[in-house]
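Enquirer: My questions will all concern the structure given below.
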Amino acid sequence: MNSAAPGQLIDGKAVSAQVLAEVTADVAALKAQGVEPALAVVLVGDDPASHVYVRNKVLRAGEVGIRSLEYRLPAEASAAEVLALVAELNGDASVHGILVQLPLPKHIDETAVLQAIDPAKDVDGFHSENVGGLSQGRDVLVPCTPAGCMRLLRDTLGDLSGKHAVVIGRSNIVGKPMAALLLGADCTVTVLHSRSKNAQALCRKADIVVAAVGRPRMIDAEWIKPGAVVIDVGINRIEEDGKSRLVGDVDFAKVQPLTAAITPVPGGVGPMTIALLMQNTVTAARQQHGTHLSAGTPLQAVAQ
Ligand code: NDP
């Protein structure tokens, strides 16, 4: 769909199902060559949300045929224990992807743990080797949420070259890699953050808006140029009318009528993140076994 109708919904559930179908086919092809893609997930502590995320990742891996290994360490595990586990997984040739679920307990230095992961197995794309590679336009493992946003944008708009994209938020997980990917796709990129001046006016110039702020419904109609494409990364739980609801960073009801296309929350970016994690795992397995990426596979396709 290269010409968007006004206010069109970008269906992340449908696109993620398509990505997962592609991954399932890729896994089958790898298995036919004697490679069984495997993802190790490390969970430290008792954070209930993290347990849900890990369960979902393991379930999704099973559905696409990826072998998953789950390692659960107690909240009081030492940094040395976590690093020893990462070292063991780095050295295990049958493991292609390693994901350490964040946040880690406060006494463990997250950066040290992420930096200990072999960059070739870093399916979250958080190691500085991959972060640096992304900024240099090299073919590296890219963080899953921004990679998912790029897939949605490409499916909606086709060529992104020359578009003015505004990213609201500059976190290492979403905002910064998103900006790097958009730049790699030849967009003109503006990144807004909490110290930005005239943020609303700058955003109103954008052809593409990616909101990753973590503030419920902050982006209203005043921020949006008519005809823009809006990707809402935010996931915020609020209490409203006596009910608990998930809402994005964009005020969907006010913004949708103005847009060419927009992601809903839930059902937009959310489902893409796990799908892209599965895709990264297959990419990592291919690269570790020296199998060339095919034209449709993520890294080139996402970053170029
Ligand atoms: P962070 O809290 O790490 O970053 C938020 C960013 O927003 C910061 O860069 C901050 O600026 C900026 N910001 C805060 N207030 C404003 C403001 N008033 N105007 C402009 N910028 C502002 O959040 P994340 O990037 O981790 O996540 C963002 C949202 O995306 C959250 O709702 C999160 O739940 C969601 N998310 C969703 C995922 C998914 O799978 N769909 C995955 C990851 C996150 P500064 O740097 O100056 O503080």
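Cβ atoms here come from the backbone N, Cα and C positions, even for glycine.
Caution: TrEMBL annotation is automatic and unverified by curators.
TrEMBL lists GLY169, ARG170, SER171, ILE235 with the feature NADP(+) binding site. Marked as domain 'Tetrahydrofolate dehydrogenase/cyclohydrolase catalytic' by TrEMBL: 10-124. The domain 'Tetrahydrofolate dehydrogenase/cyclohydrolase NAD(P)-binding' annotation in TrEMBL covers 143-288.
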Enquirer: On a count of neighbouring CB atoms within 10 A, which of the binding-site residues GLY169, SER171, ILE235 is highest?
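Expert: For the binding-site residues GLY169, SER171, ILE235, the Cβ with the most other Cβ atoms within 10 Å is GLY169.
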Enquirer: Compile a sequence-ordered list of residues in the same chain as ARG170 (NADP(+) binding site), six or more apart from it, whose Cβ lies below 8 A from its Cβ; state 'none' when nothing qualifies.
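Expert: Correct list: LYS176, ALA179, VAL191, HIS193.
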Enquirer: Determine the C-alpha span of the NADP(+) site listed in the record, that is the greatest distance between any two of GLY169, ARG170, SER171, ILE235, in Å to the nearest whole number.
Expert: 16
